[in-house]
Structure formats: structure tokens, C-alpha cells
């Protein structure tokens, strides 16, 4: 399963929001990846997410594969919206 988000936060995905996304993803057993600008990283890795330097207005793709993939994507979408990170 996959979902594309547009980053709306003025400061993009910096340390605090990256930590929130990693913590959300880490609650699930599925393999969850984030793709940005041709690079694909494990969404459960803070260093991987931070290495992408995701800016405002960027499009990111999050993919989840596993038994709880749908729940994982729903939780990540909720975190993105609740924290004003993206839509």
C-alpha cells in the first residue's frame, strides 16, 4: 500500500516532525518506507528520514507492506495532518 503526501509545514520535515513520524511508524510490524527525490529510506530510521532534507511543498511517498499496513498508513496520515506536516 502507498500514499503520497504534500509537505505543508513551513520548515519541512526537520528533527521534531521526523521523530514523530518515526515513532508512529515504529508502532507497526509492517515494512514502512519513505521515498523522496529518488531516495528510499526506512521510515523507522530517524537518521534515514533526516538524511533526505525534506522541504516545504515536497511530495513524499510512504509505502507500507505487511499485516498491519493499512493501519500504519492511516496512523501516519493522522500524524501528518494533526501536526500540520502535510496533506
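For all residues, glycine too, the Cβ spot is worked out from N, Cα and C.
Here Swiss-Prot flags 1-87 as domain 'HPr'.
Note: residue 14 (tele-phosphohistidine) has non-local neighbours 50, i.e. same-chain residues 6+ apart with C-beta under 8 A of its own C-beta. Secondary structure at residue 14 (tele-phosphohistidine), taken from DSSP and collapsed to helix, strand or coil, is coil. The tele-phosphohistidine annotation in Swiss-Prot covers 14.
The active site, pros-phosphohistidine intermediate feature in Swiss-Prot is assigned to 14.
Among the features that Swiss-Prot reports, phosphoserine is placed at 45. DSSP assigns residue 45 (phosphoserine) to coil, not to a helix or a strand.
For residue 45 (phosphoserine), applying a Cβ distance below 8 Å and a minimum sequence separation of six or more within one chain yields 22.
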